[in-house]
Each structure stands twice: as C-alpha cells, then as structure tokens.
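Record features, source TrEMBL:
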type	residues	note
ACT_SITE	Thr78	active site, phosphothreonine intermediate
BINDING	Asn99, Lys158, Asp159, Arg160	substrate binding site
SIGNAL	1-21	signal peptide
Amino acid sequence: MNRTLFGSLALCVVIGSQALAAQPKLIVQITVDQLRGDVLHKYQDHFLNKGNRKGFNRFLEQGTLYTNAHYRHATTLTAVGHATLATGALPSQHGIAANQWMDRQTGKGVYCVSDTDTTLLGAEGYSASPANLMASTFSDELHFSTNGQAKIYAVSTKDRGAVLTGGHFGKAFWLDKKSGQMVTSSYYYDDLPAYAVSFNQSGYVDSFAGKAWELSREESSYRNDAGNRPFQIPPKGFNSGFPHQMPAKADSAYYGMLSYTPFGDQITAEFARQLVKEHKLGKDEVTDYLSVSFSVNDYVGHMFGPNSLEAEDHLIKLDSTLADFFYFLDKEIGLDNVLLALSADHGVDAIPEYKKSMGFAGFRGNTGKEFVAINQALAEQFQIDGKLVRDVQLPFLYLDLQLIKQHKLDMTMVENAVAKHARDLPGVARVFTRTELTSQDWSFDPIARKVQNAYVPERAGNLVLVQQPSTMLEAYSAATHGSPYKYDTHVPLFFAGWQIKPRTIYRQVSPEDLAVTLSALMKISYPDKSTGQVLTEVLK
C-alpha cells in the first residue's frame, strides 16, 4: 500500500514537472516600431554573433521565422499595429482606428490612449490608459486564466506602445519626453512604485548628456550612404550627418532628443531589466508576460528615412541592446524558459523625394490645405455658409454633422460630393465613404478590404483617403507609413527561446496570429475579438 502510494506520488511529481516544462516561465514580446519585414535579413551580417551574446541573430539563426507576415488593415500606424498585436484582432474589432481621431459629439481630437479620468504619475501632463481599447488582449486572457497570478508588464518610450500591449490588467510604463521620467498612470497605481522612483533618481536617463551618437563602424561598410541626406528633416538639435551630439545639460531639449537616438532604446531596456528583477518575472510556476516596445526606430525612420546611415546604424546599436537584454534574461531565468516573440507595428517606405531621385515614383502633397478650396466649392454646390469638411486627420475626412443636419442635406449626397473632389487631389488613389464601407462587401478588392478591416464607424472619418504608392499626403516628416501597400504591411513575425526550432516559413500570415498563437500555446481562451489563426509550427 505504501509502495503503491509512493509510486503514485512519484508519478504525480514527474507528470507535474512535465506539465510545467510544457509552458515557458516568461513570455517576452519585443516590438520594434517601424521595422519592415525585409530589413533584418538585409543587415544580418552587421549583427552580433558571439557565442551567447546575440540580439537579432538569436531569431535569425535559432528561431522560427515567418518572413511573409502582413497586416490585413490599411491604417498601418503605431497604435493600430500595437493593438492588433495585443488583441489578435482587426482594427474594426479592437476599436483603435488611428493614433488619434475626432470625437463626433464634441468635435475635439482624441488621442488613442488618453484618459482624462486618470492622472499621470511621475510627471505632469496628460494621462493614459487602455480605456479606448475595445477588445481583450492575450495578456488579459493570461490574467484571467491564472486568477490574476500572472505578472504582466509593458514598457516603451511611447505611451501607446506600452499601454496597448499591457492590456486592461497589466501595468504599463513609458518615458515622459518633457521631464525624462519613467511614468505610469493612476489607472495602474495609486502612486508611482518605489522602484520607478529610484530609477528616475538614479541618473541613468541623464547619463547620455554630452555624449555623441557615432557610427558603429567604418562608413564604407554600411549598405546605405549619404544619398538621401538632402531629403532628410533632422529633428531640432540635430545636425546633418554624424556624429549627432547630445546637449551637455540634461534639460527638456535633451529629453526630447533621446527618442531620436539609440540611447532611448537603452533606457527602455534598462527599465525592462528593473521590471524583471523587481517583480521576479519568470521565477515561479505561473507564466509571466513582459512587453517591450522599442520606439526609436520609428523616430529615426520618420526624420532621417529608412535608407539613411542613421536608420542602419540604429539597428546595429539596437542589436547590441537586445543582445545585452537577452544575456541578462539568460542569467536571471534561462532563455530555455523564456519564449521570445519579435514583430513590428508597421513597416515604412523611403523618403518620396529620395525614391524619385532613384528613378522611382515619389510624391509629397499637402492635402490639408487643399480642403480650403474644396470647402468653398462645396458651400457653393449646396448653397450654404460653412465648411462641410470639418477636419482632416489623414487618412480620415470628418464632415460637419451639425451643419448637414441644420441644412437638411442628404448625407450620402454630401459624402459623394466630397469624394468626387478628393479623388482629384494630387497623390490620391482611392476614396471611400462611410456608407460604402458599412454597407458593401469589399472582399473582392484587396485594397478596399484592408480599408474596411481598419474602419471603426464610431471613430473613423466619414471618408477615407488612400494615397498612391510612395506618396505622402502631408509634409510633417521626411518618410512615413500608414498605407495599405506591402512596404507598410510587411513586418517580421519571429519566435525564439523556449522549445522553438530553427526554421523559416514563407506562407503569408498576419501579426493578428501572434496573440492567438500565444493563447493556444498557453491553452487559454483566445482574445475575445481575435481574428488571427494559430501558427501551428510554434506549437510543435
């Protein structure tokens, strides 16, 4: 009897150990803002490959790589992509229509993660929360399935990069650009945690003052060159060309510049280390989750262009930052116990003028100004005083609903009239009305289908513009993203670490698949509005 009991207990221990081994202790989701799907292979020979000190090569050499991952929505923007990665859902389902949109009732702009019912902790300014996110995330489902025992954290330079991936039950931190403080909001805490206060008082964020961002190697060894430099729009405080010198004093100008340098990513990674150590992530039997979103790549790409020396060198330095972070995780937890996932919120196109100089199509417009004349023409057409196009927040056009109601105008007629004018604008390829997107099946049209997948009727504009390829309809930066074209939809979707086998899969998949696959791996409920598919290779 005793022998039987002992044998049964021993068997339970073995089975229990196997069950624990069947799940990672920590899931780390890495998002590199604006990392187009082809870029890592392009620069692979630049990346570290020294024993256990590997960044991107940990994925490229040892990971499961989905090299043909494309977003299925048109508004390829930071908030939209992060929300899709987190929820496994299309924007039409998760509700994040853009980085900002217009409140139809008040006419005021709404920032994707702003929340006036909360207070910023750690600095002064507007606060943030996931209140606008209308779907559950993978981390939410992990929280629920473990009765709140899973520890869930998110950090980024951008608030939206942390808030949206942290979900409704995680804790999010981000860098305040004015004060240089790592902050959070009262949605998550009553007070800024003591370890975050200590981090802010440590002087780490200020330690890059007086330093220069210099090239990592000889300029002749880079793929890119200075050919796109005449078309760059360097941010305030930056000269044209290397080295880029940081101010000697850590003040508001210095803090504003950090996000445009590799130093910003180092700060993000350092705070991620603090989260791992402080909360003992991956140290118990319950799987934890950490989202780390590196934003600098997006800032650099916008202002210097993805074909710049700055963009190339930044990835070399981010590779080193990741290598250090992964080495830290290996020492703390063991990478055999950590599942690493890498993706991006969107891709990017080259600076239009640079593409044009290379013999490709390229155009830059200023669509917002064009609507002064269009509103005048519409007023004459409908015999009214006022502006029927109330606001232009590309890709959206918002109509003045009160004006339309006041003059008893037919909404469909107004939409069609505005669309007719908009289609004649330089650089505009397609125009869709709210009526078309909410009442017609566009599954036969690949571009229209992406627009429909992204359309959130209560938040998006009455009309949606789609630009021609390699076209910018506004001039706020040198290069940008936001289109339904391949250069903006293509991102990496890579896995490494825990039980992941090296292989490359070429079939087309979607970043929506990440949250669903993680849920399948953990044997928990899928996010409630998810539209992704399970990537079965990750489970084998």
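Cβ atoms here come from the backbone N, Cα and C positions, even for glycine.
Here the structure is a predicted model, which means the values were calculated and not measured.
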*Here the binding-site residues are Lys158, Arg160; which one has the lowest number of other Cβ atoms no more than 10 Å from its Cβ?*
Lys158
*asked:* Below 8 Å Cβ to Cβ and six or more residues apart, same chain only. Which residues does that give for the residue listed as 'active site, phosphothreonine intermediate'?
replied: Asp33, Asn99, Lys158, Arg160, Gly161, Asp298, Asp345, His346
*asked:* At a 10 A cut-off on CB-CB distances, which of the binding-site residues Asn99, Asp159 has the highest count?
replied: Asp159
_For substrate: widest Cα to Cα gap among Asn99, Lys158, Asp159, Arg160 in Å_ = 12
*asked:* Please list, in sequence order, every residue of the chain apart from Asn99, Lys158, Asp159, Arg160 whose Cβ lies within 8 Å of the Cβ centroid of the substrate site.
replied: Thr78, Ala79, His82, Tyr111, Cys112, Val113, Ala128, Ser156, Gly161, Val163, Leu164, Trp174
